[in-house]
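The structure appears below as structure tokens.
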Amino acid sequence: MQWASILLLRGLCSLSQGQYEEDSHWWLQYLRNQQSTYYDPYDTYPYETSDPYPYEVEEGPAYAYGAPPPPEPRDCPQECDCPPNFPTAMYCDNRNLKYLPFVPSRMKYVYFQNNQIAAIQEGVFDNATGLLWIALHGNQITSDKIGRKVFSKLRHLERLYLDHNNLTRMPGPLPRSLRELHLDHNQISRVPNNALEGLENLTALYLHHNEIQEVGSSMRGLRSLILLDLSYNHLRRVPDGLPSALEQLYLEHNNVYTVPDSYFRGSPKLLYVRLSHNSLTNNGLATNTFNSSSLLELDLSYNQLQKIPPVNTNLENLYLQGNRINEFSISSFCTVVDVMNFSKLQVLRLDGNEIKRSAMPVDAPLCLRLASLIEI
């Protein structure tokens, strides 16, 4: 009986030792698994450095997850990822999709960018009326393939990305809740007066890199609009009236040749105006066109100006390079030059004109005493 007990103990020890040797490398296998499933929450997304799109899109709260995702819920489309630790987000980007999959009702953030989607069929979002964020940029969507009421039922939608598609018309109707609308890099040719009707909560509108020739008075009712980007279009006239809350206006690379007198008076919060690469002449500008006390930066470079237009003394940065300016008039900056009256201008670019540094009047240092850079 004693010998039997000894043999039994030896067997158990051997078995335990073998099991230990077999499991001693468990941590290596664990690291391999972690390496293959780890998701870096700080990856640039959706615009990576290799991406052809130069404009960044602010990352939404749906990108704030970092742990390796557990198995996906059953109601997530098989073409997409639905991380359980952020259950209201659905990722279907960069998957060569040609159609929009089913959207579960709990979703608030859906990402369909960089696919081959050509249509947004009517009713595709009817099951998820609580959506806040829809990313559809970088697809092949055309205007005639968008359901008439596909967005109007989404009463909580705040951000809509439809840039880098094949749109020829403004989509609509759109929900009043919308705060950001990205329609840049399409082929839109005009903005009808009622195209943005009711969007009183819209704060940013991106329409750059289109083929827009006129916008009429479509911007007047956007009372919350802070940023308007209409650059790289075919505009010959500025919009008829600007929103009162506007702070940033981008109109560079158009064919604008005139700006009405006191045009910016209705936008007392306006800080930045870019009108470079247009067809502006002094005949197309009134005396008080740019005499806005709120303006901090004004870009009029690469136009056809022959004189420096009068600006407000509060202006800090003025870009006039690449024009035909042939004289330096100090009255454009200071109507009266003395110890108490001077311009707050810090940067003045006049290079690439028909003027020499010797043309600066003797009282220029007194008027432009705060300037840190004057390029002639």
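The backbone N, Cα and C atoms fix where each Cβ goes, and this holds for glycine too.
The N-linked glycosylation site feature in Swiss-Prot is assigned to ASN127, ASN166, ASN201, ASN291, ASN341. Here Swiss-Prot flags GLN19 as pyrrolidone carboxylic acid, drawing on similarity to another entry. Among the features that Swiss-Prot reports, sulfotyrosine is placed at TYR20, TYR38, TYR53, TYR55, TYR63, TYR65. According to Swiss-Prot, the feature repeat 'LRR 1' maps to 106-127. Annotated repeat 'LRR 2' per Swiss-Prot: 130-143, in sequence order. Residues annotated as repeat 'LRR 3' in Swiss-Prot: 156-176. The repeat 'LRR 4' annotation in Swiss-Prot covers 177-198. According to Swiss-Prot, the feature repeat 'LRR 5' maps to 201-222. The repeat 'LRR 6' feature in Swiss-Prot is assigned to 224-245. Per Swiss-Prot, the feature repeat 'LRR 7' maps to 246-266. Feature annotation from Swiss-Prot assigns repeat 'LRR 8' to 269-289. Residues annotated as repeat 'LRR 9' in Swiss-Prot: 294-315. Sequence annotations record features per position, and here Swiss-Prot assigns repeat 'LRR 10' to 316-335. Annotated repeat 'LRR 11' per Swiss-Prot: 344-367, in sequence order.
Projection of Swiss-Prot feature records onto the structure.
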residue	record	contacts (Cβ under 8 Å, 6+ apart)
ASN127	N-linked glycosylation site	PHE102, VAL103, PRO104, SER105
ASN166	N-linked glycosylation site	GLN140, ILE141, THR142, SER143, ASN186, GLN187
ASN201	N-linked glycosylation site	ARG176, SER177, LEU178, ARG179, SER224
ASN291	N-linked glycosylation site	SER262, PRO310, VAL311, ASN312
ASN341	N-linked glycosylation site	THR313, CYS334, THR335, CYS367
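Just going by CB pairs under 8 A, the stretch in 156-176, 177-198, 224-245, 294-315, 344-367 that sits most against the repeat 'LRR 2' (130-143) is 156-176. Outside the repeat 'LRR 11' (344-367) by six or more residues, the chain places 301, 308, 311, 313-328, 330, 333-334, 337-338, 373-376 with a CB less than 8 A from a CB of the stretch. Long-range contacts of the repeat 'LRR 6' (224-245) within the same chain: residues 184, 200-218, 251-260, 263-264, 266-270, 274, each at least 6 residues beyond the stretch ends and with a Cβ under 8 Å from a Cβ of the stretch. In the predicted model, the repeat 'LRR 3' (156-176) shows an average pLDDT of 98. Same-chain neighbours of the repeat 'LRR 3' (156-176): 53, 55, 57, 60, 108, 113, 129-143, 146, 149, 182-189, 191-192, 195-201, 206, counting only residues six or more beyond its ends whose CB sits under 8 Å from a CB of the stretch. ASN166 (N-linked glycosylation site) falls within a strand segment according to DSSP. For the repeat 'LRR 7' (246-266), DSSP puts the residue distribution at 0 helix, 4 strand, 17 coil.
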